[in-house]
Amino acid sequence: MGEGALAPGLQLLLRACEQGDTDTARRLLEPGGEPVAGSEAGAEPAGPEAARAVEAGTPVPVDCSDEAGNSALQLAAAGGHEPLVRFLLRRGASVNSRNHYGWSALMQAARCGHASVAHLLLDHGADVNAQNRLGASVLTVASRGGHLGVVKLLLEAGATVDHRNPSGESTASGGSRDELLGITALMAAVQHGHEAVVRLLMEWGADPNHTARTVGWSPLMLAALLGKLSVVQQLVEKGANPDHLGVLEKTAFEVALDRKHRDLADYLDPLTTVRPKTDEEKRRPDIFHALKMGNFQLVKEIADEDPNHVNLVNGDGATPLMLAAVTGQLPLVQLLVEKHADMNKQDSVHGWTALMQATYHGNKEIVKYLLNQGADVTLRAKNGYTAFDLVMLLNDPDTELVRLLASVCMQVNKDRGGRPSHRPPLPHSKARQPWSIPMLPDDKGGLKSWWSRMSNRFRKLKLMQTLPRGLAANQPLPFSDEPELALDSTMRAPPQDRTNHLGPPEAAHAAKDSGPGNPRREKDDVLLTTMLRNGAPFPRLPSDKLKAVIPPFLPPSSFELWSSDRSRTCPNGKADPMKTVLPPRASRAHPVGCVGTDGAAGRPVKFPSISRSPTSPASSGNFNHSPHSSGGASGVGSMSRLGGELHNRSGGSVDSVLSQIAAQRKKAAGLCEQKPPCQQSSPVGPATGSSPPELPASLLGSGSGSSNVTSSSKKLDPGKRPPSGTSATSKSTSPTLTPSPSPKGHTAESSVSSSSSHRQSKSSGGSSSGTITDEDELTGILKKLSLEKYQPIFEEQEVDMEAFLTLTDGDLQELGIKTDGSRQQILAAISELNAGKGRERQILQETIHNFHSSFESSASNTRAPGNSPCMAGWVRPEETVSSRR
């Protein structure tokens with residue numbers, strides 16, 4: 001506390017202790033007591049101020065302190081006032097109290113050489129090894145002042161000579177002793193030339209070679225700096241090392257020369273074996289500095305002068321060869337290896353070798369050279385990684401470097417183990433465990449399999465760079481002379497190498513021969529394109545089955561054509577369902593339009609529902625601009641021309657979809673001003689005959705999980721709404737965001753479609769409709785929020801989408817959702833869905849109108865059936881539907 005804030009009585013007590021006025025201190029501490037006859041001479045009488053302070057009433061505390069934390073006892077001890085110190089101790093003053101700088105009363109007495117006061121404090125339990133915030137002990141401050149009697153008293157009381165704090169105790173500052181300067185009592189006595197104290201400390205076993213950790217100076221160097229020959233002689237006689245070097249690479253002899261102490265220099269000259277460096281030697285850098293500068297000649301001179309320099313280590317345990325490998329200087333690496341540098345030495349921090357450093361920094365030529373020179377590829381760093389493991393951790397590893405290390409590792413495995421590492425190990429393979437590559441069970445792991453997968457990854461990445469951006473491998477190029485409709489779609493790669501779904505035979509033949517048109521070669525590339533466009537990482541190698549990444553729930557600006565409001569009020573007051581699905585690609589066993597379609601059905605395509613004019617099943621042979629009607633096959637055919645860029649947008653963002661819709665709306669605005677009549681669209685199903693067609697199994701992908709149409713052979717009535725179709729009042733905006741993973745074979749495709757069809761059959765009550773129910777949409781929302789565990793709650797309470805959009809926080813709690821974070825996620829989704837409904841409805845109506853106008857304008861330019869281009873999987877109007885097997 002500041003002195004100005006002290007009470008008058010406290011100020012009087014501190015002043016009396018500083019001056020040794022025991023009488024005033026007694027009157028302040030013991031109101032009503034008799035004056036003490038032992039007041040020291042020279043002490044000023046307190047006078048009327050003390051009397052007024054005493055008359056004020058309250059007694060003064062004995063441990064009061066000033067603004068620096070100095071107590072009354074410390075002030076009395078520093079002044080050497082023994083009677084006052086004795087009186088304060090009798091009144092209960094704390095003997096080990098510290099001021100703000102860590103000084104105690106004993107340190108104050110030792111600093112000033114008051115032996116009697118120090119003895120009195122020691123008798124009352126003062127800490128003889130106390131240290132201040134700078135790490136100076138009681139013995140150090142006494143030695144600095146040259147107080148031989150106090151030093152002897154402290155040593156006899158048990159003071160530590162070198163006070164190295166072996167117990168690890170902390171100083172008053174809170175820092176450990178090792179963080180301080182490390183000045184011992186002997187160094188303090190030598191620095192100030194107290195020869196008698198030096199002799200006493202040496203007799204008590206002081207270390208003459210203790211050095212200050214910051215500057216590296218020893219007591220002998222301090223004596224040489226001071227110029228005390230007698231002190232230097234004492235230290236040398238007690239074993240001081242004259243060859244000790246400080247941080248400036250100087251000995252005590254050089255210090256004496258610099259200070260021009262000729263007598264000291266003459267005495268130390270014959271004792272010192274480390275001679276001073278010449279000016280040229282001082283200017284010459286060491287081998288590490290020469291490597292950093294890239295000075296080949298200087299490194300060669302240093303290595304020629306002393307070959308041991310090539311294996312020196314720095315503070316991190318790194319060698320010159322490691323530094324050269326990091327910097328990528330092949331000539332220096334060759335020079336060091338020729339000078340017998342240890343290629344397999346590991347640093348002390350991470351355990352890396354020169355080969356690991358060169359591998360990690362991508363210095364391929366150095367890696368080749370070190371491998372040719374016999375560097376050990378099996379050495380592991382402290383984290384267990386080898387050089388091959390490090391190159392696999394790089395974001396963009398060099399293919400040749402990976403191949404080089406892999407071949408060497410496989411050769412080592414073959415030479416040492418006799419079998420590839422991915423096979424079941426023999427009994428003697430335990431000896432290879434410390435260096436063998438981590439492997440998976442059986443033939444799914446091992447070095448060879450690992451390299452095979454990595455090679456596939458690099459090959460496919462290079463192939464993708466040759467394709468047009470966003471072009472899927474299994475889809476035909478858009479017509480260059482016709483407008484492209486920028487809509488979003490979701491496609492799935494074909495599972496087998498079939499070219500008969502590419503439309504015209506000549507196009508299929510060309511696609512089969514050429515690289516970009518081969519579905520088998522590039523079916524995984526489509527998924528790679530989707531994954532890269534979505535910004536998804538590669539958790540596994542591309543040769544494995546890549547699963548589509550489902551993005552989180554989109555922000556309020558999200559809008560997707562297939563996820564907007566699916567009910568629309570017509571001028572006549574009826575509801576218009578807005579969500580339908582285009583005809584699927586027909587299987588090879590059930591040709592519906594295009595010649596020779598793929599039996600496994602390619603990627604299912606999702607489009608927004610489009611309101612059309614009434615359909616006429618009887619006029620199936622005529623052109624109808626509704627692709628959803630029984631006679632809409634030609635409409636679907638024309639759709640392929642308009643949807644050129646349709647398949648290139650798989651996995652795109654919602655913002656890109658909006659921009660594409662806006663561009664298309666501008667293009668199609670002037671084509672037709674006629675507004676389509678609002679009428680219910682017919683169910684999905686391409687047909688050219690008067691009888692309704694049968695839907696082949698595993699053709700349509702719908703719902704949040706892209707489930708397929710049921711495999712049951714129920715027929716769709718084009719005049720009726722599917723019984724489990726979308727409700728006319730449903731207002732869900734749950735989008736289907738991602739494509740299904742690309743299966744690798746027909747068997748997998750069939751099993752997946754069968755199981756998903758069975759699930760959809762259950763949810764839709766056995767209907768073969770391709771539309772999405774409220775339950776599917778609600779399930780999709782919960783899946784996107786990663787809250788599938790709450791789905792049974794909504795199913796049990798029969799909560800549909802319309803009820804879901806009205807839920808509040810209290811409703812969710814009543815349903816049993818107790819987690820605050822989960823409720824907030826659901827409420828945010830509900831708010832987002834409700835907020836964007838009006839805007840989505842308006843944009844969707846305009847898009848549908850423009851879409852309809854485009855179809856009407858293309859009706860007048862319909863091509864001849866033989867010349868009309870037909871995309872893969874699309875139906876032709878002149879072909880009939882074959883019956884299901």
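Backbone N, Cα and C define each Cβ position, glycine as well.
Computed from a predicted structure; not experimentally measured.
Under the heading compositional bias 'Low complexity', Swiss-Prot lists 608-640 (among others).
Feature annotation from Swiss-Prot assigns compositional bias 'Low complexity' to 689-713 (among others).
Annotated compositional bias 'Low complexity' per Swiss-Prot: 722-739 (among others), in sequence order.
Annotation source Swiss-Prot lists compositional bias 'Low complexity' at 750-770 (among others).
Positions annotated as compositional bias 'Basic and acidic residues' by Swiss-Prot: 876-885.
Residues annotated as domain 'SAM' in Swiss-Prot, with sequence analysis given as evidence: 773-836.
Sequence annotations record features per position, and here Swiss-Prot assigns 3-hydroxyasparagine to Asn129 based on experimental evidence. Of all Cβ atoms in the protein chains displayed, 16 besides its own lie within 10 Å of the Cβ of Asn129 (3-hydroxyasparagine).
If you look up Swiss-Prot, you'll see 8-37 marked as repeat 'ANK 1'.
Only residues 6 or more beyond the boundaries of the repeat 'ANK 2' (68-97), in the same chain, are considered here, and those with a CB under 8 A from a CB of the stretch are 13-14, 16-22, 25-26, 29, 36, 38, 40, 62, 103-106, 108-109, 111-112, 114, 116-117, 120-121, 124-127, 130. Under the heading repeat 'ANK 2', Swiss-Prot lists 68-97.
Confidence for the repeat 'ANK 3' (101-130), expressed as mean pLDDT, is 93. Residues or ranges marked as repeat 'ANK 3' by Swiss-Prot: 101-130.
Across the repeat 'ANK 4' (134-163), the DSSP tally of helix, strand and coil residues reads 16 helix, 1 strand, 13 coil. Residues annotated as repeat 'ANK 4' in Swiss-Prot: 134-163.
Panel annotation: around the repeat 'ANK 5' (181-210), residues 134-137, 139-144, 146-148, 151-152, 155, 161-163, 217-220, 222-223, 225-226, 228, 230-231, 234-235, 238-241, 244 of the same chain, lying at least six beyond its termini, place a Cβ under 8 Å from a Cβ of the stretch. Taken from Swiss-Prot, the feature repeat 'ANK 5' covers 181-210.
Summarising the annotation, Swiss-Prot assigns repeat 'ANK 6' to 215-244. For the repeat 'ANK 6' (215-244), the residues of the chain that approach it from at least six positions outside its boundaries are 184, 186-187, 190-191, 193, 195, 198-199, 202, 208-209, 250-253, 255-256, 259, 261, 263-264, 267-268, 271-274, judged by C-beta separation under 8 angstroms.
Positions annotated as repeat 'ANK 7' by Swiss-Prot: 282-312. Across the range of the repeat 'ANK 7' (282-312), the DSSP-based residue counts are 24 helix, 0 strand, 7 coil.
According to Swiss-Prot, the feature repeat 'ANK 8' maps to 316-345. Residues of the same chain lying 6 or more positions beyond the ends of the repeat 'ANK 8' (316-345) and with a Cβ under 8 Å from any Cβ of it are 287-288, 291-292, 294, 296, 299-300, 303, 307, 309-310, 352-355, 357-358, 361, 363, 365-366, 369-370, 373-376, 379.
The repeat 'ANK 9' annotation in Swiss-Prot covers 350-379.
Long-range Cβ contacts of Arg823 (site 'Essential for ANKS3 interaction') within its own chain (separation 6+, distance under 8 Å): Asp809, Leu812, Gln813, Ile817. In the domain 'SAM' (773-836), helix, strand and coil residues by DSSP number 47 helix, 0 strand, 17 coil.
If you look at the repeat 'ANK 7' (282-312), the same-chain residues 6 or more away from its ends with a CB under 8 A from one of its CBs are 319-321, 323-324, 327, 329, 331-332, 335-336, 339-342, 345.
For the recorded site, Asn129 (3-hydroxyasparagine), the DSSP three-state label reads coil.
For the repeat 'ANK 6' (215-244), DSSP puts the residue distribution at 17 helix, 0 strand, 13 coil.
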